[in-house]
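Asker: From TrEMBL, for reference:
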DOMAIN    57-294  domain 'Pyruvate phosphate dikinase AMP/ATP-binding'
DOMAIN    303-355  domain 'Pyruvate phosphate dikinase AMP/ATP-binding'
DOMAIN    421-502  domain 'PEP-utilising enzyme mobile'
ACT_SITE  HIS454  active site, tele-phosphohistidine intermediate
DOMAIN    518-868  domain 'PEP-utilising enzyme C-terminal'
BINDING   ARG560, ARG616, GLU743, GLY764, THR765, ASN766, ASP767  substrate binding site
BINDING   GLU743, ASP767  Mg(2+) binding site
ACT_SITE  CYS829  active site, proton donor
Amino acid sequence: MSKFVYLFKEANQSMRNLLGGKGANLGEMTSLGLPIPQGFTVSTEACTRYYEDGKKINKDIEKQIFEALAETEKIVNKKFGDNSNPFLVSVRSGARASMPGMMDTILNLGLNDEAVVGLAKQTDNERFAYDSYRRFITMFSDVVMEINKSNFEKIFDAKKEAKGIELDTDLTAEDLKDIVEAFKVKYKELKGQPFPQDPKEQLILAVEAVFRSWDNPRAQYYRRMNNIPYEWGTAVNVQSMVFGNMGDTSGTGVAFTRNPSNGEKALYGEYLFNAQGEDVVAGIRTPKPISELEKDNPAIYKQFLEISSKLENHYRDMQDLEFTIERGELFILQTRNGKRTAQAALKIAIDMVEEGLLTEKEAILKVEPSQLDTLLHPQFDPEALAKAEVISTGLNASPGAATGKVAFTAERATEMAANGDQVILVREETSPEDIEGMAVAQGVLTARGGMTSHAAVVARGMGTCCVAGAHEVRVNEEELFFTVNGKKYKEGDYISLDGTTGKIYGEKVKTIEATVSGDFAKLMSWADKHRALKVRTNADNKRDASQAYEFGAEGIGLCRTEHMFFEGTRIKAVREMIVAKTVEEREKALAKLLPMQRQDFIELYEAMQGHPVTIRYLDPPLHEFLPTDKEDIIDLAKDLGITFDELNATINELHETNPMLGHRGVRLSITYPEIAVMQTRAVIEAAIEVNKKGLNVVPEIMIPLVGELKELKYIKERVVKTADEIIKAAGVELKYSVGTMIEIPRACLTAEEIAKEAEFFSFGTNDLTQMGFGFSRDDAGKFLADYYKKNIFNEDPFAHVDQRGIGRLMQMAVEDGRKSRPDIKLGICGEHGGDPRSVEFCHNIGLTYVSCSPFRVPIARLAAAQANIKNPRK
């Protein structure tokens, strides 16, 4: 029979996957000889079995739980349910990864009508015993039986009111006995049966409830946010109760071995005398800072200091400890690696290297790459945030904190910003035409769209805060207002967005600028020393390119040329090109765009200081450059000197049922080769120009959406012919390369052929994911929530590379591409390029570089170093 239950004395740190972090640490601390209330852990495998068995604990597991219970009774010399010396336990979750507050806890389990009498005798404190019993009934009813605790709080408050008292502590033992009886009556009324008196029945029901809480909505959300797989399950820790509420020589508290806000090496925490753990975190009474414990109880403080130092040195990381003092005796309830801010993470990692606790490589592994985001963006003032009201949430699409006045169109956003207002652009969804409004906005809020929607991608590139796909937000773009949960917000009303959490606030919240310390530069220099992957950026303008270069980008992995077409007066020339009826007319319009594109590329090359720049040729379908509103079509027709009917006919001709799979990418250049010719002229002429200034630019020309070798060959011939003619005419030497974006599954399957023409591959994983899964990234948000709820998907495939499917296609393309061209350069330029887990995957399959939005460059640098430390390149 498999073993599902382990006593703490049988467990150790290496059993984290089986027993969860808490169970493994309790075992480890037991073996270190620390004062730990004893107990046992029901394993994560038992959790998996519970779900496999239809959400029931089977007889084998139940038998092992009761055997472990009997062993623990011997260790503590108490008896479960006894009326003279009762044994009480806490039942807590403990997953492999720390999930604070996400799952459920039950304290004082084992109390019943007999055991409460025993507890009163044992402690010589009847009031304490009945207070523990009423707490247990409330918690058990809420967590295990899913009875809203407000049913019991009303009874409790009514008793206080009837007695004319305000503080819980003023209730007498007799009052609490009355409350317990009233609670039991209410329980029977709501459940149709008496409150369970058998402690063993209570225990099994509680273990089931903790297993069940692994799948509650907040745990599901937290797992997605923190990339914790559903399959891991949670363990359950059953631990002897020790009481901090047994009088003035008892107490409870929480402490960190270093300051989790700034990383300072000093004990940080709080405690309360005569209290249970929940009182410290619930804020009912004001706890004291841990430093005051030295004055209140010097001996306990000295012992706690020694234990905390021992644990930090043992785990070689900042520890978060929970402790209880029972009648002058100290117990450690749990330890775990403490959650910390990005600033603290950097300081602690660097200090521990200087203290000799960690090596450089170990320090690099201690910092969570995605945390670096918060260092680079403005943040809300913590005090102001604590008072602000959350009105809704969406996807945390681009981090940062933004507060400003609502604007519903790009034009109004631009006008309001010009008047000195801070603006939040609110749209149903954004399109490329909104770019100027997005550029001036502090933040962007969309009701539709996902993590790789236009709003998300562009906002991340700009380092602008964005909350996308906020489905509760109903945008009325006609009448310029939005509603959320019945409340209406008009243009000019203040709202605030937290792009790191996805929270939306219906008011102005004060922000503070992010500050980057010397610790950041030091950790980044260590990361650069230990990584194999190069890190580039996705940038379409000088501002983004310069920002990325400052953040350490080693080139541009994706310049989306179409974004340049929307700026200022250029859109008119683009539209002239689209409505042109002949090649000559088209070339005339393109001639107007040429100097603009050339200047754009000059600025990008200069910003990158000679590092490689990959320029993707025109990709989106042409209809995206044309208006859809009748008034706008009338205005544009006048502007272009054609009739409304002619322009409308062109727009109708360009209309496609499925534009993402339609006339776009390489297909546009095949239909209109003159577009590729113009873009080649701009790329090469700009490179010649900047190389005169001493830069050694080697442009990389990327043809998008190739699925067939002959497509690439056709365009490459025209690109090479044009480029070579320009280079020859200029009398200079210039190297350049032509490659393709791998974003169609067929391109992965025929990569060996395509590599005969392509000098580099860059994986466009946004489209590759979309086509591989067969769903639209802009619409998937509508049904993915159901997929998460039903555990069909545990995470968003547009946020992390799907390694089993899309990743397999990528690996195939890498291996086959190298067969034809062993020195082929391989990159990724989808949004996955800034996701730490995807960066690790890219390292493991042998890519040359990753490319991501500017503010994700430091994240990718750190993630690449971690990947190489875990799996060094040969």
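Placed from the backbone N, Cα and C atoms, the Cβ positions cover glycine too.
Curation does not apply to TrEMBL; its annotations are automatic.
How buried are these features, and what lies next to them?
Answerer: Taken together, the residues of the domain 'Pyruvate phosphate dikinase AMP/ATP-binding' (303-355) have an average pLDDT of 94.
Summarising the environment of HIS454 (active site, tele-phosphohistidine intermediate), the number of other Cβ atoms within 10 Å of its Cβ, over all protein chains shown, is 22.
Counted within 10 Å of its Cβ, the other Cβ atoms near ASP767 (substrate binding site) come to 24, all protein chains included. The DSSP secondary structure for ASP767 (substrate binding site) is helix.
The Cβ of GLU743 (substrate binding site) lies under 8 Å from the Cβ of PRO704, LEU705, PHE763, GLY764, THR765, ASN766, ASP767, LEU768, MET771, GLY830, each on the same chain and at least six residues away in sequence.
A simple way to gauge crowding: the CB of CYS829 (active site, proton donor) has 28 other CB atoms within 10 angstroms, across all the protein chains here. A coil conformation is recorded for CYS829 (active site, proton donor) in the three-state DSSP classification, outside any helix or strand.
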Asker: What is the set of residues, excluding ARG560, ARG616, GLU743, GLY764, THR765, ASN766, ASP767, whose C-beta falls within 8 angstroms of the centroid of the C-beta atoms at the substrate site?
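Answerer: These residues sit around the substrate site: LEU558, ASP619, PRO704, MET741, PHE763, LEU768, CYS829, GLY830.
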Asker: Select the range from 57-294, 303-355, 421-502 that forms the most Cβ-Cβ pairs under 8 Å with the domain 'PEP-utilising enzyme C-terminal' (518-868).
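Answerer: Between the candidates 57-294, 303-355, 421-502, the best contact partner of the domain 'PEP-utilising enzyme C-terminal' (518-868) is 421-502.
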Asker: Summarise the domain 'Pyruvate phosphate dikinase AMP/ATP-binding' (303-355) as counts of helix, strand and coil residues per DSSP.
Answerer: 26 helix, 17 strand, 10 coil
Asker: Can you tell which of the binding-site residues (ARG560, ARG616) has the fewest other C-beta atoms within 10 angstroms of its C-beta?
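Answerer: The binding-site residues ARG560, ARG616 were compared, and ARG560 has the fewest Cβ atoms within 10 Å.
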Asker: Could you state the whole-number distance in Å separating the C-alpha atoms of CYS829 (active site, proton donor) and ARG616 (substrate binding site)?
Answerer: 11
Asker: What is the one among the binding-site residues THR765, ASN766 whose Cβ has the most other Cβ atoms less than or equal to 10 Å away?
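Answerer: Going through THR765, ASN766 one by one, the largest Cβ count within 10 Å is at THR765.
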Asker: What whole-number Å value do you get for the CA-CA distance of HIS454 (active site, tele-phosphohistidine intermediate) and ARG616 (substrate binding site)?
Answerer: 17
Asker: Looking only at the domain 'PEP-utilising enzyme mobile' (421-502), how are its residues distributed among DSSP helix, strand and coil?
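Answerer: When I sort the residues of the domain 'PEP-utilising enzyme mobile' (421-502) into the three classes, I find 18 helix, 30 strand, 34 coil.
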Asker: Could you measure the widest C-alpha to C-alpha distance across ARG560, ARG616, GLU743, GLY764, THR765, ASN766, ASP767, the residues recorded as binding substrate, and give it to a whole number of angstrom?
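Answerer: The span, Cα to Cα at its widest, is 15 Å.
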